[in-house]
Amino acid sequence: MKRDLAMAFSRVTEGAALAGYKWLGRGDKNAADGAAVEVMRVLLNKTDIEGEIVIGEGEIDEAPMLYIGEKVGLGGDAVDIAVDPIEGTRMTAMGQSNALAVLAAGEKGTFLKAPDMYMEKLVVGPEAKGVINIELPLHDNLLNIAKALGKSLDELVVTTLAKPRHDDTIREMQQMGIKVFAIPDGDVAASILTCMPDSEVDVMYGIGGAPEGVVSAAVIRALGGDMNGRLLPRHEVKEDSEENRRMGELEIERCKEMGIETNVRLKMEDMASSDNVIFSATGITKGDLLEGITRKGNIATTETLLIRGKCRTIRRIKSIHYLDRKDDAVKANIL
């Protein structure tokens with residue numbers, strides 16, 4: 001991929017973040033997501049790429065825009081794109097921290113193609129690379145990680161999602177003496193923090209969305225960390241109701257059609273097969289990873305994390321936007 005695509009992709013996540021910010025605190029997560037999706041699609045279609053959405057808003061019959069398989073761009077480098085126009089739609093709707101607009105891009109065939117379903121994830125930074133195996137009990141993994149880091153268990157910091165499905169796991173880790181940060185949403189940001197030198201987070205563990213898992217794998221590979229994942233049918237994560245079992249069986253069938261299996265270990269290389277990736281995330285609300293948007297009248301300020309995996313360059317970009325100077329299709333969603 002050409003180097004200048006990195007800046008082009010940063011403009012895409014900036015636009016999506018500005019669109020989501022318009023709906024900040026208004027209680028309508030679908031409106032926020034819809035605006036971010038529309039702006040992201042507009043800007044991708046102004047980019048010099050021959051792009052295909054491989055991780056997006058759902059299958060073609062579920063999503064009008066940025067659906068899996070949608071072609072975007074003006075022509076140029078052939079790239080696969082994984083997007084999460086708002087990672088943390090509920091946080092945006094409720095005005096809570098750590099909401100991001102996220103995009104990862106790689107050469108054709110770089111990213112795992114998986115349905116929009118649940119994924120169990122285990123993420124560590126570079127110092128613990130090679131010691132994780134999601135097929136082992138979590139207890140064993142945490143012991144191995146602590147040993148690799150030269151830490152005692154009471155020095156280990158794990159981030160997870162504050163969901164009922166994690167209650168027993170959180171208690172288990174706390175009983176081991178581990179410090180647990182339970183966040184409402186946002187496991188992409190939590191995953192990245194395991195690899196940032198100024199972060200105290202050692203591990204991210206939890207069950208969240210598979211699309212976010214693939215995006216995380218791309219950026220974790222770019223940063224030299226490590227990750228394992230495992231696709232889980234809905235009825236194994238949520239209540240084993242008739243409806244959840246029906247949906248879970250559909251997910252299993254969809255996985256078979258795509259040539260992948262549920263409940264099987266996915267290494268980082270299975271989810272992101274190349275270092276030649278570009279990752280861009282723009283903060284919508286202030287968080288542990290990025291500053292949120294500030295706005296005064298028609299002027300807004302954004303902060304973007306831009307990573308090129310090939311050379312492992314990490315940039316933090318502070319941008320000032322005159323919103324009334326944007327293209328009309330963008331302006332309609334941010335003003």
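Just so you know, glycine gets a Cβ as well, placed from its N, Cα and C.
No curator has checked TrEMBL annotations; they are predicted automatically.
Just one of Tyr21, Tyr118 is listed by TrEMBL for the same substrate site as Glu87, Gly88, Thr89, Lys163, Pro164, Arg165, Asp185, Gly186, Asp187, Gly209, and that one is Tyr118.
Under DSSP, Asp33 (Mn(2+) 1 binding site) is assigned to a helix (H, G or I) in the three-state scheme.
Within the group of binding-site residues (Gly186, Gly209), the Cβ with the highest number of other Cβ atoms inside 10 Å belongs to Gly186. For Thr89 (substrate binding site), the number of other Cβ atoms no farther than 10 Å from its own Cβ, over all displayed protein chains, is 23.
Secondary structure at Glu212 (Mn(2+) 2 binding site), taken from DSSP and collapsed to helix, strand or coil, is helix.
Secondary structure from DSSP puts Glu87 (Mn(2+) 2 binding site) in a beta strand.
Considering only the binding-site residues Asp33, Glu57, Glu212, the residue whose Cα is spatially closest to the Cα of Thr89 (substrate binding site) is Asp33.
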